[in-house]
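Asks: Mind looking over this structure? Questions follow.
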Amino acid sequence: MPPIRSPEIKYTELFINNEWHPSVSGKTFPVFNPATGEQIADVQEADKADVDKAVKAAREAFKRNSTWRTMDASERGRLLFKLADLIKRDLVYIASLETLNNGKPYTEAAFDIECTISAIQYYAGYADKVHGKTIPADGPAFSFTRMEPKGVCGQIIPWNYPMVMLSWKIGPALATGNVVVLKPAEQTPLTALYCAALALEAGFPPGVFNVLPGYGPTAGAAIAAHMDVDKVAFTGSTEVGKLILQAAGVSNTKRVTLEMGGKSPLVIFDDANREFTAVYVMFFLEILQVVDFSFQR
């Protein structure tokens with residue numbers, strides 16, 4: 001289907017505890033169409049106070065006897081499958097919104113949304129396939145391991161693949177029973193906010209999935225340093241990744257997963273298909289500033 005030329009921007013507030021909220025400070029920040037430089041929205045700007053609210057809601061959702069914690073793993077998978085179905089239903093709109101906010105061509109944006117759907121479906125199917133192990137032990141003992149969710153996961157994603165990055169972060173976290181506080185890039189928050197509305201429609205309990213648009217030095221730093229966040233996953237620059245490691249270390253030594261900029265080499269062997277190689281060399285050179293694993297030497 002053709003793109004929607006002027007997609008309506010439906011959500012610009014913070015999504016906390018299955019509700020839309022203005023920022024505590026009342027601040028907003030502008031969001032632009034990078035293709036034209038036109039301002040397309042004012043979005044509520046999360047800072048430390050808003051992070052506190054979202055983490056509190058997430059912690060409540062993660063309590064031992066909560067709806068989410070007592071939910072069967074297969075039901076978590078069903079909710080993720082439902083989310084994927086809703087994204088598929090609205091693919092044209094979401095891809096059009098991604099193009100408006102991110103600037104990439106519609107065909108690429110639509111492909112990204114298809115990848116998003118596939119990733120969420122993959123993790124949905126994995127929800128009830130997390131296994132423990134039994135371990136031989138001496139004497140009258142029975143030893144076993146059981147995989148359990150970590151807790152409140154702070155997730156910080158970049159601007160280059162907004163929906164794909166969202167799926168890679170929330171998919172495994174939610175499938176395994178964690179709760180999420182997600183900060184999208186300040187340049188591209190609109191599709192993440194729309195996805196939050198779809199999560200609400202899918203039936204995720206309050207507090208399980210929260211979305212806080214804002215800036216790295218404020219909202220991102222507050223997530224990284226928060227004493228009630230159990231894990232942070234970050235995709236972005238090496239410099240910011242180091243700051244997140246430091247914040248995690250001096251707070252509650254939370255676990256951190258980092259995907260940062262690389263300097264990937266390109267090795268071409270003598271028996272390589274030269275025409276095929278030339279095409280993909282030029283392809284990756286063209287997207288050098290967009291894909292962090294693109295070769296640079």
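Including glycine, each Cβ sits where the backbone N, Cα and C put it.
Predicted automatically and left uncurated, TrEMBL annotations should be read as such.
Pulled from TrEMBL, these are the listed features:
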- 20-279: domain 'Aldehyde dehydrogenase' (DOMAIN)
- E259: active site (ACT_SITE)
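A description of the local structural setting of each listed feature is requested, covering burial, neighbours and distances.
Replies: DSSP assigns E259 (active site) to a strand.
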Asks: The domain 'Aldehyde dehydrogenase' (20-279): mean pLDDT?
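Replies: Across the domain 'Aldehyde dehydrogenase' (20-279), the average pLDDT comes out at 97.
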